[in-house]
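Annotation comment: Swiss-Prot describes C89 as active site, nucleophile. The active site annotation in Swiss-Prot covers H176, E178 and is backed by sequence analysis. The feature ATP binding site is assigned by Swiss-Prot to S231, G232, G233, V234, D235, S236, T237. Among the features that Swiss-Prot reports, XMP binding site is placed at R304, D462, K517, E523. Residues annotated as domain 'Glutamine amidotransferase type-1' in Swiss-Prot: 13-202. The domain 'GMPS ATP-PPase' feature in Swiss-Prot is assigned to 203-400.
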Amino acid sequence: MSSIEQVNEVFDTILVLDFGSQYSHLITRRLREFNIYAEMLPCTQKIADLHFKPKGVIMSGGPYSVYAEDAPHVDHAIFDLGVPILGICYGMQELAWINGKQVARGEKREYGPATLNVLDKEDALFKNVDHSTVWMSHGDKLHGLPTGFKVIATSDNSPYCGIVHESKQIYGIQFHPEVTHSSNGKTLLKNFAVDLCHAKQNWTMKNFIGTEVQRIRDLVGPTAEVIGAVSGGVDSTVASKLMTEAIGDRFHAILVDNGVLRLNEAATVKKTLVDGLGINLTVVDAADEFLDNLKGVTDPEKKRKIIGNTFIHVFEREAEKIKPKDGKAIEFLLQGTLYPDVIESISFKGPSQTIKTHHNVGGLLENMKLKLIEPLRELFKDEVRELGELLGISHELVWRHPFPGPGIAIRVLGEVTREQVEIARKADHIYIEEIRKAGLYDKISQAFACLLPVKSVGVMGDQRTYEQVIALRAIETTDFMTADWYPFEHSFLRKVASRIVNEVDGVARVTYDITSKPPATVEWE
C-alpha cells in the first residue's frame, strides 16, 4: 500500500462492482448523496489487488446473461471479505448462478414498475421500503432459490424479488433501487450502507478539502513544482485553487488564448484567477498561431486535432520558460479529470465508443515526462461545484456553463477565420447576456450561439442583403448523456434575434435549435 493515503483509505468506502449497466454510476451517486463514499470498479476486479477494505460491496446490474459463455463473473474472493454484499438485478442473478445455477431466460422481458411486497418486515435492508414502487429491467429470472438463501420480498411477477443468505449478510434484489422510478430506492441503499455496512456518513467536501490538500503536499513534497492548463471553466479553476491552497506559488497555471475563446475571456479569467483567487497565472496569446493552423480546415475532427496538437506545442514551449526555485525540472502536471471520466475508462469491456475526440493535454505527459496529478478524479460535477464554493470561488464561475476545449472553432461550422469567429463570439455574448438578464442562466444547463455555413437573403433598411445565419442552442440535462431543448418564451427569442441581427455585422437570420439529445449531440460539431 502506498504511504500516501488515498480517498478510499481515509473514508469508509462502499465498493460498487460494475457489470455494465447504464445505471451503475447512479448507485455511486445515490450513496454519495447520503455522504457515504462509494467507488466503482469493473466486476472483474481482483480482490487481492485492492489496497483498501470496503465496508460493503454492491454488484450492479448488466446487459448480459450469467449463463452465457462470455458472461462476466465476479472474483469469488469477495465472499471472503466478511462484509455485507448486495446484488442488484444481474448482481442478484450472479449470486444465484454461483450458488446453484438457479437462473434461466424469462418467458418475457420484465421492464417497468412493480409493487414490492416485503415478507420479512424486520429485515434491515427493507426498513421503510415495503409496498413501494420499484423499477424492473431484466430478461432473465431466478427459477429457484440459490443454495443457502431464503425469500424476503416478492412482486406480482417475481416470487424472488428479494433474497438473503440464511446466515450471512448477502442480499439479492431483482429491481433497480438506484433509479428515480423506484420510489424508496435511495432509502434501501442507505439502509444497506449505513445500517448493514455501518459506513460513516462523513463524505463531505469540507472534509475532502483537508484530506486532499494534505495528500497533494505529501505527493508533491516540499520543493517540487506543478504546472497546469486553465480555461476559466469550473473544473480547471477548482483544481487550480485546490493546488494553490496546498503548495502556493509552486503551482504555475497557464492560460493559452487560442483565438477561439469567448468575448474578453482571457482578461476576465486573469482578473478572476489572479486578483480574486491568488493563483499564479501566465497568459499566453497564441491566437495567430492557432488560427493560422486552422486555415482551410472544415472537418470538425481535424479542427479538434489541430487545436489539441497546437495546444500541446504552445504549452510545452511556455512550460520550458518556467524555472523552478530548486533548479530542477517541473515534475507534475495538474489535470481536472472528474469521476465520470474515470468511470468511462474502467469498463471490463473497454471504454465506450468514441463519438468525438476529446480535447485534453494527455500528450504532455509523454512528451514532457511529467507525473499526472488529478485532485478531482474522485468527484462528480455537483461535488466539484460544492467544493469550488467552499474554496471561495464565486457562484457565477462555479455554475458557469460548459465550454468546449476547441472553443468557438467548433461553433463556426466550416472554415474558421477571424471574421467568422468574431461573428459567432458577439452573437453568443448577446445571447448569454439576455439569458442572464431574464434570470434563466442557472435554469439552463448549457447555451450558446453557433455560425452556420450558409447564407440567407434579408432586408436591412431598403437594401437586399445576403448574409449569414446564427443558430441558438439551449439545453436542460442532469448528466449531459441525454438532454432536451429549453422552451424559451417566443418574446425572449424575438428579442435575442433582433439584437443579434441589428448589432452583429454579417448576420441576416437567427434560428433556434429544438433537437433533443439523442438524436443530436449538444454541440453542432
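One-based numbering along the chain as shown.
Glycine is no exception: its Cβ is also placed from the backbone N, Cα and C atoms.
The structure, with features from Swiss-Prot marked on it.
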residue: E178; record: active site; contacts (Cβ under 8 Å, 6+ apart): Y23, L26, I27, R29, R30, I88, G185, L189
residue: S231; record: ATP binding site; contacts (Cβ under 8 Å, 6+ apart): L255, V269, F403, G405
residue: G232; record: ATP binding site; contacts (Cβ under 8 Å, 6+ apart): L255, L261, E265, T268, V269, T272, L273, L397, R400, F403
residue: G233; record: ATP binding site; contacts (Cβ under 8 Å, 6+ apart): R400, P402, F403
residue: V234; record: ATP binding site; contacts (Cβ under 8 Å, 6+ apart): V384, R385, G388, I393, L397, V398, W399, R400
residue: D235; record: ATP binding site; contacts (Cβ under 8 Å, 6+ apart): G336, L338, L376, V384
residue: S236; record: ATP binding site; contacts (Cβ under 8 Å, 6+ apart): G228, A229, V230, G336
residue: K517; record: XMP binding site; contacts (Cβ under 8 Å, 6+ apart): I475, T477, T482, A483, D484
Request  = Across all the protein chains here, work out how many other Cβ atoms are within 10 Å of the Cβ of H176 (active site).
outcome  = 22
Inquiry  = With the cut-off set at 10 Å between Cβ atoms, which of these recorded positions ends up with the most neighbours? Options: C89, T237, R304, D462, E523.
reply    = T237
Ask   = Which of the recorded positions H176, R304, D462 has its Cα nearest to the Cα of T237 (ATP binding site)?
value = R304
Key: Whole-number Å value of the largest CA-CA distance among R304, D462, K517, E523, listed as XMP-binding   = 42
Key: Spatial neighbours of H176 (active site), counting only the recorded positions C89, R304, D462, E523 and Cα distances within 10 Å   = C89
Note = When pLDDT is averaged across the domain 'GMPS ATP-PPase' (203-400), the result is 87
Query = Which are the residues of the chain, S231, G232, G233, V234, D235, S236, T237 excluded, whose CB is within 8 A of where the CB atoms of the ATP site average out, their centroid?
reply = V230, V238, G336, L397, R400
Task = Out of R304, D462, E523, give those binding-site residues positioned within 10 angstroms of C89 (active site, nucleophile), comparing C-alpha atoms, in sequence order.
result = none
Key: Coarse DSSP state, helix versus strand versus coil, of K517 (XMP binding site)   = strand
